[in-house]
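Record features (TrEMBL):
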BINDING   D:ASP127, D:ASP155, D:ASP172  S-adenosyl-L-methionine binding site
There are 4 protein chains.
Amino acid sequence: MPIKEGDYVLIVGDGVRSVIKVARGSRISTIRGVINADDIINQEYGTLIKTNLGYDLAVLRPLITDILLERADRVTQVIYPKDAAQIIINAGIGPGSRVAEAGVGSGFMTAMLAYYVRPNGRVYGYDKREDAISIARKNLEMLGLLDWVELKLRDVISDGFLERDLDAVILDMGDPWNAIPRATEALRFDGVLVVYVPTVNQVIKVLRAMSDYGYVDVRMFDVMVREWKTEPDEVRPQTWVNAHTGYILIGRRTLRPIAQPTK
Amino acid sequence: MPIKEGDYVLIVGDGVRSVIKVARGSRISTIRGVINADDIINQEYGTLIKTNLGYDLAVLRPLITDILLERADRVTQVIYPKDAAQIIINAGIGPGSRVAEAGVGSGFMTAMLAYYVRPNGRVYGYDKREDAISIARKNLEMLGLLDWVELKLRDVISDGFLERDLDAVILDMGDPWNAIPRATEALRFDGVLVVYVPTVNQVIKVLRAMSDYGYVDVRMFDVMVREWKTEPDEVRPQTWVNAHTGYILIGRRTLRPIAQPTK
Amino acid sequence: MPIKEGDYVLIVGDGVRSVIKVARGSRISTIRGVINADDIINQEYGTLIKTNLGYDLAVLRPLITDILLERADRVTQVIYPKDAAQIIINAGIGPGSRVAEAGVGSGFMTAMLAYYVRPNGRVYGYDKREDAISIARKNLEMLGLLDWVELKLRDVISDGFLERDLDAVILDMGDPWNAIPRATEALRFDGVLVVYVPTVNQVIKVLRAMSDYGYVDVRMFDVMVREWKTEPDEVRPQTWVNAHTGYILIGRRTLRPIAQPTK
Amino acid sequence: MPIKEGDYVLIVGDGVRSVIKVARGSRISTIRGVINADDIINQEYGTLIKTNLGYDLAVLRPLITDILLERADRVTQVIYPKDAAQIIINAGIGPGSRVAEAGVGSGFMTAMLAYYVRPNGRVYGYDKREDAISIARKNLEMLGLLDWVELKLRDVISDGFLERDLDAVILDMGDPWNAIPRATEALRFDGVLVVYVPTVNQVIKVLRAMSDYGYVDVRMFDVMVREWKTEPDEVRPQTWVNAHTGYILIGRRTLRPIAQPTK
């Protein structure tokens, strides 16, 4: 497939890793030298191009995670792909799922959800911060994923979700225990609740609320992805690793009456 | 949604966790007592049912991971959901992707791939063992995912893949370095190669082959998912954790000539 | 050095790993066959002896950790060598240190402490359970370490420690926050307090108490030791690992008045 | 105990953590303001002193690990306390042990060994680099541990160790497999060999050599110490952790003939 003007491309090689929007006549600067955008337009994706300093860099279609990590704007702490991956698979979210998320923050998780519920599912993204909604919209547009998302400026704790019978609700906010009653009424019976929190103080409150509201099959886990150096003669883990982002809590709603907590 | 005869259901609660096929007139035995299948047919999913010993168990629609872990047959070591999740997201595999996998083994990874490439993508599953193909077919049928998979009894090292221009190829076999030339010719330019191996001896050989065949943006990582106990008053990680399944190596094909290795 | 009657020896090889007391005329049974004790008496340590089934087993002087893990009796959950190692080094405990421990439990940590404060230091071991004191004494005797330990049947929360000006106090009990006032008065100014607890609920209470009682340089960590398979052609981590034993909290006492908490 | 001129002291609090040598008349600068050395001389250790900016900092006797991490010079990659702790305890090294180490590098491991073999053991430290010997000597002097160490400028691979019948030998060098024959002849029968290497390529060669030279009870592990934030209301692991330093391999010598490898 040929590289076209306006494409986002991933440039990689010799320590270079960045996502660039191709603009005719422009120069692409990297730490390994410069490439002329005109020299890659109409080339095949996968091509290797020499910089003015003599380095071979590859030009690739970026994956969704490449764009999120290298190019998307951030307004808040984001849910990283490693955690998004475990949330999506462990909540059974896939093509066709109807999912709500509060709050959307910078829209990273929203984007991953949109990517995986395509083409016939839907993501309802809530946030009470206007700047979050705005950044998330921008990121989703860049990724071409806005068609599968409805963004809503709304406080779910006070005002609730507008949907019912959802397959999953994901809470990524400071005090998610306060949103659990509202999430519960938005979920289908046996729907999946996912909560993402960074501290163990929050974990304790979430577990109490999940128990109070009758959730079953409750699991909690944290995910560590250990990156390695890939030089064949010196294979070893990277020295520094992101060892903590957040805890993931997952449970299933039941038919227990939700008007009042079970205890 | 009501529970129907013939459904696979997940029964959970008080240490019970199993996936059962509902058959009219049958008795469902658990370590917490017995349920009559007739008592749950036509009930809503999410319902709580009391066993003859007085325990409340919930009846839920199983997620794909529930069926794989609790119900699917195994003929070989499987790729676990924690690793499947990272492979799928990091390879950008999603709705519409065309992906080959060798070998399919028990079909766990195949099933996860099929679930996520729906409704318009396709999975090509290779194995040289007849029993693997047969078990994988059975598991995919139980999951209702066979429509998106073509299973092929074929040795990819000697005979190659039948597809071209694939988005991703996943190698899960003892000597994947020997299959890398064949995987490379099946991939689109800039397509994603994923290799999954359990030992560091294998890792070294794979990294050499990926380097020889011109792969770029090569990453390697292992995934640890640490499960926690979820009793709100005694929150702590589980004592024992599955600390190693396999290493995941990912790289992108380039336009480098593939007739001979680059060194 | 020759093996003598009455020695504890470590027998290892081909999956065998056990600590045995050598008794003249006895037969040592292993999963790889039988050895006659008389055949190893007066042999050099490090010798290889053939079992009646033809396996070569090595006879070694057991290290202190070998005896604790393979031979010592247990009355409670123990502090494992991996955690004991980090506690000892991070608290600066070494030859000559004067250290109190509450509670001693099975005496594993007590034994490690005694081993490292030799020959001129001292360990004061408290427990309110008579069976713990009794098992700990037996284990310390077997290890030849009782000379450096004073065991005391006493509740430190109600009755306090009998020593003052200690280099370190180690709390390994269910409600250590209640013992922190007493530990503080037993420590020298700038002495080291170590607390070991399994749950995050306990962690939160301990951190509050350490803050209230003026501790500085407070650190908290957990230790994961990942064991690997050592077959040179199939090097990989063990599948299952003990991923959680307890959290270690360490702080230094200051001259802050301890009559009442600082807030 | 009073603070004296010439003491190394640890200053901690509000993000400050440094080891300072107390010199009469000097000013101690920290990111939280300045302290006059004269104001702390003759104060008790554990005292809190106010900086000119109004922060309370504690003045403590530094532990050996504080001096190593905050003050010692480095000429090479060092063995960190977390690994030193596991090596010392798992090799059974303690008061009275006779241990050789090659190479000493900056002397961090040497210092830990010296600290723990006191008062009646001995450490023999080898390195073929003159600058390493010189820095190690300086660090050991600062720590007051030189009395228990003999440093030797000597290449153990070509020239061997000068001692025999050692309790343990520790190899921390680029090609330790080449030193294993020499380490074996320096160890007592049933002595402990420890090898520390950062890459899996090295691990494979070490495991082959340990097998060739008849070592038994061979273990390999890596150590992860996960530090946490200790604010009681926001308890969580630190985001970034040092996830890899090196692999620790431990085995016991046997009476197998060592003139030629066993295979």
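Don't overthink the numbers, they just go from 1 along the chain as shown.
Using N, Cα and C of the backbone, Cβ positions are placed for all residues, glycine too.
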>> What is the set of residues, excluding D:ASP127, D:ASP155, D:ASP172, whose C-beta falls within 8 angstroms of the centroid of the C-beta atoms at the S-adenosyl-L-methionine site?
In response: D:ALA102, D:GLY103, D:VAL104, D:GLY105, D:TYR126, D:LYS128, D:ARG129, D:ALA132, D:VAL156, D:MET173
> What is the biggest Cα to Cα gap, in Å, among D:ASP127, D:ASP155, D:ASP172, the residues listed as binding S-adenosyl-L-methionine?
Replying inline: 13
> Where does D:ASP127 (S-adenosyl-L-methionine binding site) sit in the DSSP three-state scheme?
Replying inline: strand
> So which of the binding-site residues is most packed in, judged by how many other Cβ atoms lie within 10 Å of its Cβ, out of D:ASP127, D:ASP155, D:ASP172?
Replying inline: D:ASP127
